[in-house]
Amino acid sequence: PSPCLPAVLGVLLTLSGAAAQKSKPCAPWCPARSTCVNGTACRCEAGFTSTSGEIFTERTDMCEDINECAPPRSLSCGKFADCQNVDGSYYCTCSPGYGLLSGEKVFKDESQNTCQDVDECSSGQHQCHNSTVCVNTPGSHKCRCRQGWKPIAGSLNGRINTICEEIHLPTWTPPHGVHSQSLSGFLDKVQALSRDFKPALANVTIQRLIQSVDDLLKAPGDLERLALSDQHLVATQLLSDLEQSMRTLARNLPTGPFTYRSPSGTELSLMVQEKGTGNVTMGQSHARMLLDWAVASEDGDLGHPVAGILSSPNMQQLLANASLELTPEKQADLEDTYEGPVRGARLRLLSAVSSVFLSNTRTHELGSPVTFAFSHPVSPRAGWGWALLATPRGPRQEVVCAFWKSDNRGTGRWATEGCRKLGSQNGSTTCQCTHLSSFAVLMAHYDVQDPQLTFITKVGLALSLVCLLLCILTFLLVRPIQGSRTTVHLHLCVCLFVGSAVFLAGIENEGGQVGLRCRLVAALLHYCFLAAFCWMSLEGLELYFLVVRVFQGQGLRARWLCLLGYGVPLAIVGISAAVRSQGYGRAAYCWLDPAGGSSGSFPGSRDRPCPWVKCAGCRTQGPRGEAPSPSPSP
C-alpha cells in the first residue's frame, strides 16, 4: 500500500468525528411541540409559545398553544362570524343562523367571509310545533302562536319549543251568593259571544262585549236592590272579567292602535306592537296614560306586547257608596291637619272608572311608574246623587287618586296605596301609580270627629234621658192629670226616650262596614223618630178636637191613637226596608243613607221638619193666630 494512505484515513476519521459531534440529537428535556436549537436550547413550534420566550433553556418550560381568538390578539373573522381556536392554529365559522354562500362550513380569515342570514323558516330547518308559525329573524327564528291561539300553560310565546292552543274567551260566572236576573241575562249574552267567537273578528267581539256591559250598567234592574257589599262584589267581578277578556281579544288584533267608543260613552284604546323601548302615550277623552313600553311585556314572552285603557262612565252605578281605605301615613297626616280622629270619608266619583291592562299580568309592582291624566267636570253636575259639592269646597274635602282594591272575599273598596296626585286643574287631575288596576278620581269628604262636640252630645242626651224618664213616670203615676192628652204625651216621651237611648248606644259604626247590627240600629232609630213625629201630629189632632169640636166629642180613643202612632211608622219602615234595605246604615254612622234612597221616608232628613209638624195643627188657630170660637149650640 501507498505510504500516504494512513494519513488520508486519519484525516477522514477526524472529519467524520466532527460531523458526528455536530449532528448530535436534541437533549431529552425539550418538551413536546418544540425543536432543538443547538443542543442546549429549545424553540416552540409555530402556533405555540413558552413562558420564557421563543427560545428557552429551562427544563421546566412547556410549549403552550397560542389562542389567536382571545385577547390580546383576537383575530377578526368579519361580520356574523366567530373565531375557532385549535392547537397551533385557528379557523373561522359563521355565527349560528348564518352560512357561507359557497356552502362550506369553515374559512381561513376575514377576506374569505361571505356569511349571510339563513332563513330557517323557508328552508325547513326549524323545529316549530304545528300550532305555531315560524318567523325568521336575523341569525335565528321564532315560533309564534297562530292567530286565535295562545301558549299552553308553562310555555312562552316566541320560543323555539312553544306549543299553543286555541284561544277561548274567559268564562264569566256570577259571584258566589249573588242572585240577579239582570246579571244572569247579561252572562247569557257573554256566553253566546264566547261560543260565536272567531279570532278574525276580534274587533267585532270587543264592540259587542262593551255594548253588553253598557246595557247592564244603564239598566241594572234588580242589581240596584242588592246589598252594597253584593253590588261591589258584582263590580269587582265585572272589572276583572272585562280586563281578562280585553287582554285575550287584543292578542287577535293586528299590530297598531285600536280605538272604540260605544253609544253610552264607554271608550277603549288599545296598542299592539312589536317590542320597543321608550315611553308611549295613549288614551281617549276620559283618560290618558304615559308608560314605559318595556313594562308592557312579560319577561320571556316574545309575543306582541299589548297595552290598553278602558274607561266606563257607567260603572259608578255599582261602585257608589264604597269606602276609602287610607294608608296609615295618610290617616296620621289627616288627623294632624284636622286635629281630630278621622272616621272615614264620603266619596263621589268625579271621573269615569278607567281599567288599565297590559299583556304583562304581573302589574302589582311595576319597574317604572305609570302616569295618568283623568278628565272630569270642573263643577258638579246635577243628578249625580249627592249634594256633596253643592257648597264651596271646604277644608275637609280633597280630590284623590284612587284605585279599586279587591279583597279575598271578592268584594272591594277604594284605596290610594301606591298612587299619588301630581296636580289638578281645569277639569283634569294627573296621577302617578306604581301598579295597575281600575282607577278613578274621587272627591273625598273626610268625616272628622270633634271630641268636644261628641262630649256635649252625650252629656245632653244623658240629661234628656233623665228628664224623659221623669216625664214618663209622671204621666204614668200621677192619676189626676191622666187623660187623652197625657196619653199622647206619654207615648211621645216613650218614643223619644227609646230613640235617644238607641242613638246614644249605637249610632257610631265601628269598623266602617255596614253590617246587620248597624242596619237594625238605623231602622230602629228611623222607627222611633217617625213614631215621635206621628205622636206630635196626633197631639195637634187632639188640640183640634179640644178647641174646634169641643161639643162634638172627646177625640180619638186610646186604641186608635196607638194604631196611628205606632202603625203608620211601622208601615213606612217596613216598606222602606223591603224596597231598599241598603238605605239603612252608613260607613261612619248607623243612620239613613241619602244615597240609598231612604232619606225621603223620614221628614226632616233633608229639609226642616217644622212645617211638616205644624201643618197638623194649622186649623186650631184663626187668621190672626187666635183660637176660633166654638160653633153655636143648636
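Glycine too: its Cβ is placed from the backbone N, Cα and C atoms.
Residues or ranges marked as domain 'EGF-like' in TrEMBL: 65-104 (among others). In the predicted model, the domain 'EGF-like' (65-104) has a mean pLDDT of 89.
Under DSSP, residues within the domain 'EGF-like' (117-155) fall into helix, strand and coil as 4 helix, 16 strand, 19 coil. The annotation domain 'EGF-like' is assigned in TrEMBL to 117-155 (among others).
The annotation domain 'GAIN-B' is assigned in TrEMBL to 257-449.
According to TrEMBL, the feature domain 'G-protein coupled receptors family 2 profile 2' maps to 453-592.
Annotated signal peptide per TrEMBL: 1-20, in sequence order.
Packing against the transmembrane segment (459-478) from elsewhere in the chain are residues 486-487, 489-490, 493-494, 496-497, 500-501, 503-504: each is 6 or more residues past its ends and has a CB under 8 Å from a CB in it. Under the heading transmembrane segment, TrEMBL lists 459-478 (among others).
The feature transmembrane segment is assigned by TrEMBL to 490-507 (among others).
Taken from TrEMBL, the feature transmembrane segment applies to 519-548 (among others).
Same-chain residues lying 6+ beyond the ends of the transmembrane segment (560-579) with a Cβ under 8 Å from its Cβ atoms: 225, 484, 487-488, 491, 523, 526-527, 530-531, 533-535, 538, 598, 601. Taken from TrEMBL, the feature transmembrane segment applies to 560-579 (among others).
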Restricting to the same chain and to residues at least six past its boundaries, which positions have a Cβ under 8 Å from a Cβ of the transmembrane segment (490-507)?
458, 461-462, 464-465, 468-469, 471-472, 475-476, 517-518, 521, 524-525, 528-529, 531-532, 535-536, 539, 561-562, 565-566, 589-591
Residues sitting near the domain 'EGF-like' (117-155): Cβ under 8 Å, six or more positions beyond its termini, same chain?
80, 95-99, 161-167, 198-200, 248, 251-252, 302-303
Taking DSSP states H, G and I as helix and E and B as strand, how many residues of the domain 'EGF-like' (65-104) are helix, strand and coil?
0 helix, 15 strand, 25 coil
